[in-house]
Amino acid sequence: MAHSVRIYDTCIGCTQCVRACPTDVLEMIPWDGCKANQIASAPRTEDCVGCKRCESACPTDFLSIRVYLGSETTRSMGLAY
């Protein structure tokens, strides 16, 4: 079952989510929008197992990364904003 991984612009570039992911779905890429000059990216979502460890590791007040399981609808994804 496919999962959708969304990275939001509240990402502070701390790498906590990348280190927490057991399947290496996430990686850091260059980005000028934060102090760390990097942001999380999810280039391998097909490997996501839906464990949501990345969400648990995120230190921002509003989770900068969200995993939407295959059973969740596109509508519920839109409500996350």
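For all residues, glycine too, the Cβ spot is worked out from N, Cα and C.
[4Fe-4S] cluster 1 binds C11, C14, C17 as Swiss-Prot records it, and from the list C51, C58 the residue named for this site is C58. In sequence order, V5, C17, A20, P22, T23, V25, L26, V49, G50, K52, R53, V67 are the residues of the same chain, not among C21, C48, C51, C54, whose CB sits within 8 A of the CB centroid for the [4Fe-4S] cluster 2 site.
Across the fold, the C-alpha of C21 ([4Fe-4S] cluster 2 binding site) and the C-alpha of C14 ([4Fe-4S] cluster 1 binding site) stand 14 Å from each other.
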